[in-house]
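Taking it in order: structure first as structure tokens, then the write-up.
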């Protein structure tokens, strides 16, 4: 019997998504996905997903723009692993732009305007550049121009023991004839391969006049080897997103972020269906057409329609479902997350707009369900809070190593910066109503290991469902081929750990 016949479901044993979400508002724990037929290894599963219309992520995960989750360290880690980080905006414009630049420069790919000096520059200048900008390899060119004729290169190791700081770098540089160079044009992968085979730290790429076109570094080649699925722009830099509010004053923030090099602008609002956001989307798409715009948050199709009509490239779905969010409790407004994702994402898909599941995700199973019922990628907050890459310091309480984690609608966050209040349209109010809480979470170690665990978990989830990608799963969900079951409270209890005196829970183990 052929595998295609084994994969066909001839008995209707389960509930379709359309039936499942036809009435009640459901969260992830309220249903389970029924298994399919397996004829492939889990390593063959492609978990990639569209973050925006033009940006595909190898790992369909995005870190939330919260001031206790995503700054430059988290954004770098997310992009290295194939996802993307959204740097929060509860800070000054200058601080946010500086964090964006830190991410964009972490892996350079082709350095299009490499730092260069003239041959008569003193050694002291090179040392100052190293201490101020962290650059350890500087080209020496005619006139000191970044696109001038190459004369040599001076590295930190060349001048470590030079006592005369006034001596010209020409005395200590590695000369052009002793350098490995390549001719333009060359593909980034080819340039990295040359660096791997050479024993030099840098590879200048020159035109036929021996003038510098760009530069590649060994450090970037190592990072390319260690993180082959990194999210990169066309120049080989890490992808980076940043959040902003949608008031008139925020146009200056967008200008600074665009100059810093962001790839995606995330409009941060708990309720995105406003005249402010509609107008802001139109302005951004007209003024900065190269920027991808993620709009939201939304939980209904009508909300989604207005933002898509305005020009949104992606939508964030979720209102009041996060672990530190109390919007539904305080304001009686929102929607259960699984239902919101299914309803909004199905409409958005008909318009060619991808969606981000934002909130309510507690484990790999929840992420799998969110992706299965419509989301293209998942935004993580509490799941990655407490990792070493998040902002803040660890502290101990009752013998546990903890890190602070708070909602952007908490009083603590709104008092720290006015931008957090803008998210909830309350920055100018004398009395601010909290829509979030502040708390702490356990130390989770490095997010790099946690993301690898989530990636493998998603692959195994898709394998059990019987499909080789989440695109295929969503297609089968919409066709009624992937089926579900509602879960009673006792069924949920049965599916959790039970009937044990005690147990130890470890999420994953690495085999060396």
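Just so it is clear, glycine is given a Cβ too, placed from its N, Cα and C backbone atoms.
What Swiss-Prot lists as domain 'CBS 1' is 110-169, and the listing cites sequence analysis.
In the predicted model, residues of the domain 'CBS 2' (173-231) average a pLDDT of 91. The annotation domain 'CBS 2' is assigned in Swiss-Prot to 173-231 on the grounds of sequence analysis.
Residues annotated as NAD(+) binding site in Swiss-Prot, with sequence analysis given as evidence: 268, 269, 270, 318, 319, 320. A 10 Å cutoff on Cβ-Cβ distances gives residue 270 (NAD(+) binding site) a total of 24 other Cβ atoms nearby, all chains included.
Residues annotated as K(+) binding site in Swiss-Prot, with sequence analysis given as evidence: 320, 322, 325, 494, 495. Under a cutoff of 8 A between CB atoms, and with a sequence separation of 6+ in the same chain, the neighbours of residue 322 (K(+) binding site) are 358, 359, 360, 381, 382, 407, 436.
Here Swiss-Prot flags 323, 358, 359, 360, 381, 382, 405, 406, 407, 408, 409, 435 as IMP binding site, drawing on sequence analysis. Look at residue 323 (IMP binding site): DSSP puts it in coil.
Positions annotated as active site, thioimidate intermediate by Swiss-Prot: 325. Residue 325 (K(+) binding site) is surrounded by 24 other CB atoms, counting those within 10 A of its CB over all protein chains shown.
Summarising the annotation, Swiss-Prot assigns active site, proton acceptor to 423 and lists sequence analysis as the type of evidence.
With a 10 A radius on its CB, residue 320 (NAD(+) binding site) counts 27 other CB atoms from all the protein chains. Within the set of binding-site residues 268, 269, 409, the entry lying nearest in space to residue 325 (K(+) binding site) is 409 (CA atoms). Broken down with DSSP, the domain 'CBS 2' (173-231) shows 22 helix, 16 strand, 21 coil. For the domain 'CBS 1' (110-169), the DSSP counts in helix, strand and coil order read 19 helix, 17 strand, 24 coil. DSSP assigns residue 381 (IMP binding site) to coil, not to a helix or a strand.
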